[in-house]
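Notes follow the structure.
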Amino acid sequence: MKVYIETMGCAMNSRDSEHLLSELSKLDYKETSDPKAADLILINTCSVREKPERKLFSEIGQFAKIKKPNAKIGVCGCTASHMGADILKKAPSVSFVLGARNVSKISQVIHKEKAVEVAIDYDESAYAFEFFEKKAQIRSLLNISIGCDKKCAYCIVPHTRGKEISIPMDLILKEAEKLASNGTKELMLLGQNVNNYGARFSSEHAKVDFSDLLDKLSEIQGIERIRFTSPHPLHMNDAFLERFAKNPKVCKSIHMPLQSGSSTVLKMMRRGYSKEWFLNRVEKLKALVPEVGISTDIIVGFPNESDKDFEDTMEVLEKVRFDTLYSFIYSPRPFTEAGAWKERVPLEVSSSRLERLQNRHKEILEEKAKLEVGKTHVVLVENRREIDNQIVGFEGRSDTGKFIEVACKEKRNPGELVRVEIVSHSKGRLIATAKGD
C-alpha cells in the first residue's frame, strides 16, 4: 500500500506528517511522491491565513481527478480541526477528516467511511509514536509540546490545536537519541510556545523548564546543534536568555515574533507585551550574544492600525535589524476575536505598507551582508553543490542561522561542520570559501 502526503504550512505540520507516516508504516504503508500511484492521499492543512484554506479545496478537486479508483483522500491538520464535517459536505470525494490533535488516530479512521475525528481536547502529549526511519536526516524536527494557551486576537491556533500541554521529557529524550543514532546532527524543537515548555503536563511530572530540556538534549552524543521554534517573547526572561547564551550547542539564532511595533496594536492583538518591552528583550539578548541572528513575524493592516502604528513598526525594524522577516497582510480568521471586528484597513493601504516594510528589510539585509565579508563562521553542511556532475562546494547554515554558499574543491559530506570565510555577497546571499581549502 502506498501513501502520498501533501503538507501545507508550518514546521509543526511537517512533523505531524512524519507522525502520520510513522503510524501508517505499522500498517505497511510506504510513502510515494506520485499521488496517481497512491492508495491513500493525505492533505495536511494550515489555517493560519485564508489563502491556504482556499487552496485546500482546489487540491482536493485535482486529486479526485487523478487518483486511483479506490484510493481514499483524507484531510488532516488545522483546517480539518475547525471545519470538521463541513469539509465532507463541500468535498464529497473526501473519505475522512482528521484534526491536528488526532494524528495517532490515523490507523483507525482510514478504515471508516466519512469519519470525522477533530476533538481538540484529545491528549496526544504522552503518545509514543514509533520512530519512523524515513531516511537519515541531518536536521530533524522534534515536537516538545502541543497546543497553545495564548489568546492572541488574530490567531486561530488555540481553536485548532487545543490547550498547551508539554510532552514528557523522557519521551523527548528517547526520540532525540534515536534521531541522533540515525545521523541527525541538528534538532529543531517545535511548539506553539516552545519556550514555555514545562508549564503543564497531562500527568504527574518532575518540575522542569525549557532551559532544563535544552541542557539535557545537549548531553546526547551526536547532536551538535539545537534550534527551536516558535518561542513567545513573554517567556524570554533574563534567566532564559542567560542560559540560552551559555549553552554551546544551542544555536545563537532565535525567532522573536514581534507581530507589530506599535504598543497600541500589540494591546489590541492581546500579545501581552509592549514595543518597549520587546526592545528591552532584544537589548538584553544582544548584550549577551552580540552576534545573535534574530528572525521575526510582522502583520500589517491589523484592524485599526494607523499610519503612526505602522511607523512604530518601521522604527523597530530599524532598531533591531532583523536577519529574517516573515511578513503578511492581516487575514481575518473564524473563531478569533479580531475576526468579528468590522473595522478593516483598506487593502491598498495594507499592501503599500507591506511593500515598504519588505523593501526596507531587503536593504537592511544588503547592508548587513556587506559587514559579513571577511568574517568566519562554522557551517553545518546540508547539501553539496555540483556543476556538470563536478562538486564545486556546498550549502549550509551558520550557528547564527545565516544560509551560506561555500566554494570548496574538497568533498564535504552533509552533517560535517566546516569553518568558512565570507568572501562576497549578492542580493543578501552570503558566499564563502572553506578555510584551508
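Backbone N, Cα and C atoms are what each Cβ position is placed from, and that goes for glycine too.
In this view, C78 ([4Fe-4S] cluster 1 binding site) is surrounded by 28 other Cβ atoms within 10 Å of its Cβ, with every protein chain counted. Among the features that Swiss-Prot reports, [4Fe-4S] cluster 1 binding site is placed at C10, C46, C78.
Look at Swiss-Prot and you will find C148, C152, C155 tagged as [4Fe-4S] cluster 2 binding site. A sphere of 10 angstroms centred on the C-beta of C152 ([4Fe-4S] cluster 2 binding site) encloses 20 other C-beta atoms.
Helix, strand and coil residue tallies for the domain 'MTTase N-terminal' (1-115), in that order: 53 helix, 25 strand, 37 coil [DSSP]. Residues or ranges marked as domain 'MTTase N-terminal' in Swiss-Prot (evidence: sequence analysis): 1-115.
What Swiss-Prot lists as domain 'Radical SAM core' is 134-367, and the listing cites sequence analysis.
Annotated domain 'TRAM' per Swiss-Prot: 370-436, in sequence order.
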(request) Rank the binding-site residues C10, C148 by the number of other Cβ atoms within 10 Å of each Cβ, and give the residue at the low end. (result) C10
(message) Roughly how many Å lie between the Cα atoms of C78 ([4Fe-4S] cluster 1 binding site) and C148 ([4Fe-4S] cluster 2 binding site), rounded to a whole value?
(response) 13
